[in-house]
Amino acid sequence: MAFSHHLLVTLFFSAFVVGGFAQLTPTFYDDTCPNVTSIVRGVIEGALQTDPRIAASLIRLHFHDCFVIGCDGSLLLDNSDTIVSEKEALGNNNSARGFNVVDDKTALENACPGVVSCADILAIAAEESMCLSGGPSWPVPSGRRDSLIANRTLANEVLPSPFLTLDQLKANFLNQGLNSTDLVALSGAHTFGRAKCQTFSHRLYNFTSTGSPDPTLNTTLLETLRKICPQGGNGSIITDLDPTTPDAFDNKYFSNLEVEYGILQTDQELFSTSGADTTAIVNRFSADQHAFFDIFVASMIKMGDIRVLTGTEGEIRSNCRRVNGDISGVSS
């Protein structure tokens, strides 16, 4: 299978080169920091020893970075005299996690000082997180530079919430140049990780003010979730997004949707929305994990190319939490 993934990546990347759009390349660090991937992998392996959630969290950081301004590390910036951090946007506050893993550039700075961008670390960390969790591996196109700004206002507008209808979700992704296939494939990252009660409890009791639960929620799962998330209870309690294989990157997420075991409204609507083009894609990925992995890789590469900074744009931050030269960005 490794061959097919690498072949797919090569073909996908070549298409971009031919079209004249490609600015990133998997060989970007071959001369300047040849061990970048193994160094990032080592840090994640260490984090996984004490935090089985970290792999899913790191993929989510890359996603939330790319959707705001572009894949430029803006999400990693702390509040400062000049920065209003995206970390406190609605979709990130008390939700996005794993910053401590990518913030610590010590190993990379010791090996290749001033070479690897924080934006590239996010992309490589996402790929390594999947690989370490049983998912596909691929050469990550690199060469991103780090943003000098953040945009919390935009983050509040564009980060998809778990309460969107399928049409709203599709429009949200289309604004980033991502189609229905990309949406379903990237949603497959919910095959591991956790969700807070506050993100799905509206489905359990009074869905869309009907006084009844979401009809697309399996009744057995409903009873289980009601015990975890009692009405009026603690919204910060977490549960597995994939009850089947909660820490493995596989295609069980899609077979869950087929039996109405999607935890989030935005997940289940991919399958249960009448007449939606996404239903057939869910069925395909449920039946064929290889197909899911191949399309997921292509969609991750496509997402990772959203409005990147390259060449002399931006900078290479020495500390991912602040722009170079801004000592006011140090958190208390």
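Here the Cβ of each residue, glycine as well, is placed from N, Cα and C on the backbone.
Curation does not apply to TrEMBL; its annotations are automatic.
Keep in mind the model is a prediction, meaning the values are calculated, not measured.
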Cross-link partner of C320 (disulfide, per TrEMBL) out of C71, C112, C118, C131: C118
Close binding-site residues near P160 (substrate binding site), where close means Cα within 10 Å, chosen from V68, D72, D242: none
Rounded Cα-Cα span from H64 (active site, proton acceptor) to S74 (Ca(2+) 1 binding site), Å: 10
Cα-to-Cα gap, H64 (active site, proton acceptor) vs D250 (Ca(2+) 2 binding site), nearest whole Å: 21
For H64 (active site, proton acceptor), the number of other Cβ atoms found within 10 Å of its own Cβ: 23
D65 (Ca(2+) 1 binding site) to T245 (Ca(2+) 2 binding site) - Cα separation in whole Å: 27
Of the recorded positions listed as R60, H190, T191, D242, the one whose CA lies nearest the CA of D72 (Ca(2+) 1 binding site): R60
For T191 (Ca(2+) 2 binding site), the one of R60, V68, G70, E86 that lies nearest, given that the recorded positions are compared by Cα: R60
